[in-house]
Structure formats: C-alpha cells, structure tokens
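K.L.:
Following this message is one structure expressed as structure tokens.
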Amino acid sequence: KESAAAKFERQHMDPSTSSASSSNYCNQMMQSRKMTQDRCKPVNTFVHESLADVQAVCFQKNVACKNGQSNCYQSNSAMHITDCRESGNSKYPNCVYKATQAEKHIIVACEGNPYVPVHFDASV
C-alpha cells in the first residue's frame, strides 16, 4: 500500500519543472499522477522545489492545520507552486483543470519517523 509520505510526493511534488510550462500542465499532471482515476480531484497544488526543501518545512514554523490539528508547518520562504483547480466544463472522466502559478509559503502536515510531509494544507 502507498504510504502517506509517498502519496504526498505523488500528489504534490514536481521539482523537475520550475513552473507550469503550459496551459495543459494541470490536465496532464492530474492524470499522470492518478488524481482523476475514480473522480476529478477538485483542487490540487504542485510544488516546484526539491523534495529536501519541502521535507525541511516539517522543522520550520509550527502552525495549526485547517482541521485544528497541531502538526502543520509553514515554510520560512516562498516556494514556486502551481494550483490546479477543476474548471466549470470539467466532467469525470474528462477532467479539465485551470493552472494558477504563484510564489507562496506552503503549509504542510507532517508525521512519522522520519518526520515528513503527509498532507498539503494550504499556501499563504
């Protein structure tokens, strides 16, 4: 079974591109990363930074998660991200996404040993 840490990497990590290269980026990535298999995942964020830099966030600023849990952490520096949001004409299995690029601080939930990101909570 896929671990929570591996799932985070699959759903949120894209260090090889510095930003969404094309308008088709989200459509391709959401599909290739298997987030459109049984439904269209409505919103997803990809982080264009090294895995080491994102894992390091677990040891940065401790903040409350959206769900009230206390194991979330905010990055000290802004990171290159792409938000993929389902567009109005999207209907499973033909999921259609709109990409928005930004440089924002990310907030992730961390757990385990080693202590690594398992959930993308927000960007600010």
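Yeah, the Cβs are placed from backbone N, Cα and C, and that goes for glycine too.
Marked as compositional bias 'Basic and acidic residues' by Swiss-Prot: 1-13. What Swiss-Prot records for 1-24 is region 'Disordered'. According to Swiss-Prot, the substrate binding site annotation covers Lys7, Arg10, Lys41, Pro42, Val43, Asn44, Thr45, Lys66, Arg85. Taken from Swiss-Prot, the feature active site, proton acceptor covers His12. What Swiss-Prot records for Cys26-Cys84, Cys40-Cys95, Cys58-Cys110, Cys65-Cys72 is disulfide bond. Per Swiss-Prot, active site, proton donor is recorded for His119, and the stated evidence type is similarity to another entry.
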K.L.:
Sort out the residues at least 6 away from either end of the region 'Disordered' (1-24), same chain, that have Cβ-Cβ distances under 8 Å to it, and list them.
P.N.:
33-35, 44-51, 54, 80, 82, 99, 101, 108, 111-112, 116-120
K.L.:
Among all the protein chains here, how many other CB atoms are within 10 A of the CB of Cys110 (disulfide bond)?
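P.N.:
Other Cβ atoms found within 10 Å: 21.
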K.L.:
What recorded positions among Lys7, His12, Lys41, Arg85, His119 are found with a C-alpha within 10 angstroms of that of Cys26 (disulfide bond)?
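P.N.:
Arg85, listed in sequence order.
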K.L.:
Could you check the recorded positions Cys26, Cys40, Val43, Cys65, Cys84 and say which one's CB has the fewest neighbouring CB atoms inside 10 Å?
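P.N.:
Candidates: the recorded positions Cys26, Cys40, Val43, Cys65, Cys84. Fewest Cβ atoms within 10 Å: Val43.
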K.L.:
Measuring C-alpha to C-alpha, could you say which of the recorded positions His12, Cys65, Cys72, Cys84, Cys95, His119 are within 10 Å of Thr45 (substrate binding site)?
P.N.:
His12, Cys84
K.L.:
Are any of Lys7, His12, Lys41, Val43, Arg85 (the recorded positions) within 10 Å of Cys72 (disulfide bond) when you go C-alpha to C-alpha, and if so which?
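P.N.:
Within 10 Å of Cys72 (disulfide bond): none of them.
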K.L.:
Here are some recorded positions: Lys7, Arg85, His119. Which one has the most Cβ atoms within 10 Å of its Cβ?
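P.N.:
Sorting the candidates by Cβ neighbours within 10 Å, the top entry is His119.
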K.L.:
Just to be sure I understand the packing, how many Cβ atoms besides its own are within 10 Å of the Cβ of Thr45 (substrate binding site)?
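P.N.:
If we count other Cβ atoms within 10 Å of Thr45 (substrate binding site), we arrive at 20.
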K.L.:
Determine, using Cα-Cα distances only, which of these recorded positions is closest to Lys41 (substrate binding site): His12, Cys58, Cys84, Cys110.
P.N.:
Cys84
